[in-house]
């Protein structure tokens, strides 16, 4: 599990690294505020999303033919190189966009593979807890990268922190090279035990098997809900840090500290939300989606309240603390549980 947590964390660290430095990067590239929001906010997000979509589409096919462990290592190496190149002085907007496609693609490839490995390393009774822990490292990695850049920004500028993030991904790749091995596909499925014990391997993933998995009504609903669910969080993760530092007139360290509180809440909610989700799933499967929906809606309402506060006032900052912790905790519950639902719904050969 440690190897999967490392991969999840360090593949995510560059994703939000740009968020606290949007205004500084815009000045370096000669952009005004409107161009900053369009080019560095919207276009960077779109480039990352395109990379994630491409990576996700091909990850299952690639994982079916090659070692999943080596695939994760390769993703970390490419991610490391792209992150370091992102900070190069001669980097232009177009080059940055291409690099973001590669960074997003690495995560797009790796995340399905990570959760496919969870499905084969652990049985049904442990998957929810392990998935919650790994999911917290996915979110924690994004938060860690954002906080690292935010605290380094006043002292080292925005370029040098990306070099450190790239080297961290390289170090994680070295650990995985030494420690991570591929488990047997379907090795923790009780229904397949007899077949696997007789030495019969699972068939490779086919289009028919994939379509059967996607045709399940629950799977379709889970995929459809990602569209309205991810848009507001994408906007917040990109712009909230810079908004606090510019519109709310906070210093970069102050804005970074507020984001850290939200991140701490998300880490707590990711772990305990996953554990509680597993217990609810064991009692009655219908309780889990209700739990996920209620916590996500509550988080959105708390964030709406937070964004309406005048954070230049001391009293508002005091109100913001519990709102950030609770909204972060509730926002992370959905991500911690939705992946394990996917794992349980799909056959071993289709999980990637």
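Backbone N, Cα and C atoms are what each Cβ position is placed from, and that goes for glycine too.
Looking at the stretches 161-180, 181-200, the one that TrEMBL records under the feature transmembrane segment is 161-180. The stretch in closest packing with the transmembrane segment (69-89), judged by the count of Cβ pairs under 8 Å and taken from 130-149, 161-180, 290-309, is 161-180. Between the transmembrane segment (290-309) and the stretches 95-118, 130-149, 258-278, 321-342, the greatest number of Cβ pairs separated by less than 8 Å involves 321-342.
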